[in-house]
Structure formats: C-alpha cells, structure tokens
Amino acid sequence: MGTARFLSAVLLLSVLLMVTFPALLSAEYHDGRVDICSLPSDSGDRLRFFEMWYFDGTTCTKFVYGGYGGNDNRFPTEKACMKRCAKA
C-alpha cells in the first residue's frame with residue numbers, strides 16, 4: 001500500500017511539473033518574480049465560461065476562462081489588463 005501511494009504521489013508531481021514548467025520557462029522574471037504579463041493565455045479548466053482579458057505581449061485580448069486554474073495573466077476588464085501590463 002505504501003509503494004502505491006508513493007508512486008501515485010510521484011505521478012501527480014510529474015503531471016503538475018509538465019503542466020507548470022513550460023509556462024514558467026516562457027515567462028519573464030523581474031526582481032526574481034514572474035512577470036505575469038509575460039505568461040501565456042491559460043483558460044484553465046472549463047467548468048464555466050467567463051469572458052476575461054490577458055496581455056499577449058502587445059495588447060490585451062479577450063479569452064474564455066473556465067473558472068478554475070490557469071495563471072495570473074487574467075483580468076476582468078481590458079482596462080485592468082492595460083493598467084497592469086501596458087508599458088507607457
């Protein structure tokens with residue numbers, strides 16, 4: 001029983017790393033922190049459908065967010081997205 005739990009934990013950790021690691025590689029870092037505006041669009045799990053905004057490197061673009069998961073490059077309005085991510 002202990003071996004099965006250990007293998008399940010290793011499998012879960014592996015899946016989480018496979019999902020998270022590529023997004024972190026594509027992100028930019030400032031002062032050791034991830035710049036959320038450089039993260040890719042991530043709709044999360046599609047349990048619901050919310051119209052949200054993400055910064056695509058140039059401007060803010062609409063996308064459908066599933067309501068769970070995803071990353072922090074997600075804003076409720078275009079104005080909030082531009083305020084956080086647009087460079088003056």
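Glycine residues also receive a Cβ, built from the backbone N, Cα and C atoms like all the rest.
DSSP classifies CYS85 (disulfide bond) as helix under the three-state reduction. Within the same chain, the residues at least 6 positions away from CYS85 (disulfide bond) whose Cβ sits under 8 Å from its Cβ are ILE36, CYS37, PHE55, CYS60, ASN73, listed in sequence order. Under the heading disulfide bond, Swiss-Prot lists CYS37-CYS85 (among others), citing sequence analysis as support.
Annotated disulfide bond per Swiss-Prot: CYS60-CYS81 (among others), in sequence order, evidence recorded as sequence analysis.
Per Swiss-Prot, domain 'BPTI/Kunitz inhibitor' is recorded for 37-85, and the stated evidence type is sequence analysis.
Residues or ranges marked as signal peptide in Swiss-Prot (evidence: sequence analysis): 1-27.
The secondary structure of LEU39 (site 'May bind Kv1'), as reduced to three states from DSSP, is coil rather than helix or strand. In the structure as shown, the Cβ atom of LEU39 (site 'May bind Kv1') sits within 10 Å of 20 other Cβ atoms. According to Swiss-Prot, the feature site 'May bind Kv1' maps to LEU39.
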Out of the disulfide-bonded residues CYS37, CYS81, the residue with the smallest number of other Cβ atoms within 10 Å is CYS37
Students should find that the Cβ of CYS60 (disulfide bond) has, within 10 Å, a number of other Cβ atoms equal to 22
The rounded CA-CA distance in Å from CYS81 (disulfide bond) to LEU39 (site 'May bind Kv1') is 13
